[in-house]
Amino acid sequence: MKQLKYILAGILFGIIMTKSEAVSWYRIQEMFRFQSFHMYGIIGTAILLGVTAVSLIKRFHLKDSTGQPIVFQDKHPGFRKYLFGGIIFGLGWALTGSCPGPMFVNLGNGYPAMALVIAGALLGTYLYGVLKDKLPH
Amino acid sequence: MIELIKQPWPWYFSGAMIVLIMLMLIFFGKSFGFSANLRTICSMAGAGKKHSFFNFNWKGQVWNLMFLLGSIIGGFIATRYLSTPAPMELSNQTVADLKELGIGFNGQLNPDQLFSLKALTNPGNLVMLLIGGFLVGFGSRYAGGCTSGHAISGLSNLQLPSLIAVIGFFLGGLMMTFLIMPLIF
């Protein structure tokens, strides 16, 4: 039962991603072609509000629902893995119009072929785990 | 109220709602990062026996899998009950550019010719979907996160690595859109 709140948060996330049209292959194409402000507006608003919220949480030392202080993990320092990984991700994002969340949301939206994109993503994740130590990080 | 929700959501409301999701998960003592689920699923399937990258206690990630499950249900609810039949307002220029690539636009969120059940009968399309998904999965693990983990959570916490990753997302996206897609469609 304690997992219920995560299912509900996920449902809300699926609705938001669909209603914002961020799950749309067409919207992603429009974004990469710089032909509409829509996606930039969404991401920009999210970052602006996110930065404000995170700094307030830190400033006032807020606690989470279990009473633990909220801590934000810093990302590991590095350059190559973020750039190379990011570029590879971007290639797939533009081609399939989906990042990992929307792949699943789109299954619910009635696009069964997304299952193949998900299968590909699992294969890619697996191969990264296999090759990890041989890649420049 | 429900009539208002049924309209397409403006970008500023959508952006604010995404932050709400991030804050909900932070408040629950978790963090917003969707692609971690892909690693978790590999681990559940037994990949941890052979490869240390997948050898972690995936039970600590069950909450995120529940979030994933919810997101599928949410997509269903939004399309089935919270939408109007009005076509999406895509830019005319995008419609024209995609038409040149041979991809039509009928007002829906995604092109049926790529993502419908019937699209699975086209072998070239199958390969495209698999490779595209592969790049997303490989890239997000290599970069240590996807759009939620880096562009939203990471940039909200002013992380330089996330900025590098997001620049990478766009470099890759632009290469695919302008250099590779004209060759494969």
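Using N, Cα and C of the backbone, Cβ positions are placed for all residues, glycine too.
TrEMBL does not curate its annotations; it predicts them automatically.
The transmembrane segment annotation in TrEMBL covers B:12-29, B:62-82, B:126-143, B:163-184.
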Near the transmembrane segment (B:12-29), which same-chain residues lie under 8 Å Cβ to Cβ, leaving out any that are not at least 6 residues past its ends?
-> 63, 67, 148, 152-153, 156
Outside the transmembrane segment (B:126-143), at least 6 residues beyond either end, the same-chain residues with a Cβ under 8 Å of its Cβ set are 35, 38-39, 114, 120, 149-150, 165, 168, 172, 184
Restricting to the same chain and to residues at least six past its boundaries, which positions have a Cβ under 8 Å from a Cβ of the transmembrane segment (B:163-184)?
-> 101, 128, 135, 139, 143-145, 147, 150-151, 154-155
